[in-house]
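Participant: Below are the features I grabbed from Swiss-Prot:
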- 7-155: domain 'Nudix hydrolase' (DOMAIN)
- 40-61: motif 'Nudix box' (MOTIF)
- G40, E55, E59: Mn(2+) binding site (BINDING)
Amino acid sequence: MENLPPGYRPNVGVCLINSDNLVFVASRLNVPGAWQMPQGGIEDGEDPKSAAMRELQEETGVVSAEIVSEVPNWLTYDFPPAVKAKVNRLWGGEWHGQAQKWYLVRLRNDEDEKEINLANNEADSEFAEWKWAKPEEVVEQAVDYKRPTYEEVIKTFGSFLNDTGRAAKCKSAKW
């Protein structure tokens, strides 16, 4: 992977939008009140686009979606000390943070929202609930250390996110 800064875990992020150009976010089970877009590590030998679609399916159950755009460069964020210690134990590395390749992905149609399943038949779901949010809400509700990255993602995809509709109510992972 070209232009990847050393010391940063290769990762992808997915800005999933619906037909109203609202953005999918989910609240983390381990960080109450923190909402985020789907993201995850790139596996050995995997290209970033494939990783993005795999992560989308793993975290949301969505398979009927298409990549619309991408952020041309890698975006990075540093882990706060407590998060860094935890993830380095978990991942078995010495990572300063994550380098992310971001993709804008659109549901193929509104019926595809029915696919969203945070548990996705896995016992270890990362999320408690999900919702469709306006772009500015995505940034406001992110954890502090991810906000600059989210701001850049929303800015880059801004032309696709204009004229957004109303945010939908939260959806429980257990529905």
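Keep in mind that glycine also has a Cβ here, set from the backbone N, Cα and C atoms.
Since we're looking at a predicted model, the values are computed, not measured.
Help me see these features in their spatial surroundings.
Facilitator: Remote same-chain partners of the motif 'Nudix box' (40-61), defined as residues 6 or more beyond its termini with a Cβ less than 8 Å from a stretch Cβ, comprise 1, 9-14, 16, 24, 26, 67, 70, 91, 101, 103, 105, 115-118, 120, 122, 126-127, 130.
According to DSSP, G40 (Mn(2+) binding site) sits within a strand segment.
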Participant: Across the motif 'Nudix box' (40-61), what does the pLDDT come to on average, as a whole number?
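Facilitator: Looking only at the motif 'Nudix box' (40-61), pLDDT averages out to 95.
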Participant: Long-range neighbours only, meaning 6 or more apart in sequence with Cβ under 8 Å: which ones does G40 (Mn(2+) binding site) have?
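Facilitator: In sequence order, the residues whose Cβ lies under 8 Å from that of G40 (Mn(2+) binding site) (at least 6 apart) are N11, V12, A51, R54, E55, E58, E59.
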Participant: A 10 Å Cβ contact count, applied to the binding-site residues E55, E59: which residue has the minimum?
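Facilitator: Comparing Cβ neighbours within 10 Å for the binding-site residues E55, E59, E55 has the fewest.
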